[in-house]
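According to TrEMBL, the protein has these features:
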BINDING   GLY164, GLY166, LYS167, THR168  ATP binding site
DOMAIN    153-292  domain 'AAA+ ATPase'
DOMAIN    369-438  domain 'Chromosomal replication initiator DnaA C-terminal'
REGION    1-89  region 'Domain I, interacts with DnaA modulators'
REGION    342-463  region 'Domain IV, binds dsDNA'
Amino acid sequence: MKDTRLDEIWKSVKGELEIVANPSYFKAYIPGCYIKRIDEEDRVIEVTTSSEFQRNFIEERLYGHIKDVCAKIIGPEFRLMFTVTKKEPTQISVDDLGPLFKQDQNASEENAFSKAREYGINSQYSFSRFIVGNSNRLAYAVSTAIADAPGKIYNPFFLYSSVGLGKTHLIQAIGNEILKKHPDKVIIYKTGEEFLNEVIDAIQRGKGNSTKRTALKKKYRNVDVLIIDDVHSIAGKDATQEEFFHTFNTLYMNHKQIILTSDRAPHEIRTLEERLSSRFASGMIADIQKPDYETRLAILRSKNEELKLNAPDDAMEYIASAVESNIRELEAKLLQTVTTAKSQGKDLNKELASSIIGKIEKQKQSRITHSSIIRGIAKYYGVTIKDIKGNRRLKTFVLPRQVCMYFIREMTASGFQVIGEFLGDRDHSTIVHGVEKIINLIKSDLDFTKEIDQIKNNILSSE
């Protein structure tokens, strides 16, 4: 039997890994893996796979990502080891077989779980595991109402927040609840990037042949519930926006439920077509704010009880007061402090938690580089790194470029000359002007200040 604590740590690792790894590699090779043991004495994390091929592929293509994520969640001093655990055939006794046509709640739930996997929904996300507080109460209420009557009210539903605050949990909980209450409903859950890639694939393979594009239309326009996570990923992609516009209209006219998430409100998604922005805002919009202290503490206590971590109240109270950024970070800090205290052979308390978190934050800050900053900014604005470093003077590129100047100066304390060299050999005065421009905008524009906070959270969360 696997250790519940190790299972939860692996879930956290997978959550972070899904963000940084190649989506195709993640979906094909991470399922079936789990942390078999964490050896505190030898400083080893053993990750088991189900086949030699899977192990070899992961070691070759995903090792670096997994190592970085494990260092962030468990600690940088551990080394990774991959092993193979083959499943033994299951022995079933005739006496163990129940009635042939038994239809009970367990069978119904298993059917829902099976469908959830088929539709791309994680069955672990449920309303019962979602901690409700002042920061997310409206979003939760709307979500439960939609699960009761999909397509009837709050359609479309647009949910936005910074990273790690529970958007994905909530919309997947909607999907799971719909499958339990309305098992006949057909659901599609995709990320904006996955939808984008499918459109690109249909265009490339469909040249001279309309079959591929017809199949794409049929797939997305014949569902009861469409859930698109991080829909801002399609902004600036003309063909994808065109396809999504017609998909949206078809579903909406047929009273099918549409659920969308983003890291910002519809009108704040730059390069998103106006016709899409207006449709996204035509239904119910809700946001999730950072959880307050009481909610953060409730989240920690719930996780502590679920994983049987036995973290004392004073340590959890300190973590709740020290970590304000997001829930993902909050839970990661709890696991890190408990794991570190155990590895040091010490009893966890407030003072030790403070020391551990202080060291973790210093390590995180030291990992922020020019490259990680420009990646985060390019992703937020929907442009390429080449666009930011280039010389084109379009507003679409100038603002991200100046924001990049500001954050590199702010988060790495690099000199203006170094920043200029990194951003395409720009001169000292150009960098000074760009940084000052952003500082003045922050002082005068509240919406822009929120945008800057969002970008900073994204950069920090990616480290």
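We count from 1, first residue shown onward.
Keep in mind that glycine also has a Cβ here, set from the backbone N, Cα and C atoms.
The Cβ neighbour count for GLY166 (ATP binding site), using a 10 Å radius and every protein chain shown, is 24.
With DSSP states grouped into helix (H, G, I), strand (E, B) and coil, the domain 'Chromosomal replication initiator DnaA C-terminal' (369-438) comes out at 53 helix, 0 strand, 17 coil. Break the domain 'AAA+ ATPase' (153-292) down by DSSP state and the numbers are 70 helix, 26 strand, 44 coil.
Around the Cβ of LYS167 (ATP binding site), 23 further Cβ atoms fall within 10 Å across all displayed protein chains.
For THR168 (ATP binding site), the same-chain residues lying six or more positions away in sequence with a CB closer than 8 A to its CB are TYR125, ASP229, THR261. Annotation for GLY164 (ATP binding site): spatial neighbours SER325, ASN326, ILE327, ARG328, GLU329, SER461, criterion Cβ-Cβ under 8 Å with sequence separation of six or more. Apart from GLY164, GLY166, LYS167, THR168, the ATP site neighbourhood in this chain, defined by C-beta within 8 angstroms of the site C-beta centre, holds SER161, VAL163, LEU165, HIS169, LEU170, THR261, ILE288, ASN326, ILE327, ARG328. Here the domain 'AAA+ ATPase' (153-292) returns a mean pLDDT of 93 for the predicted model.
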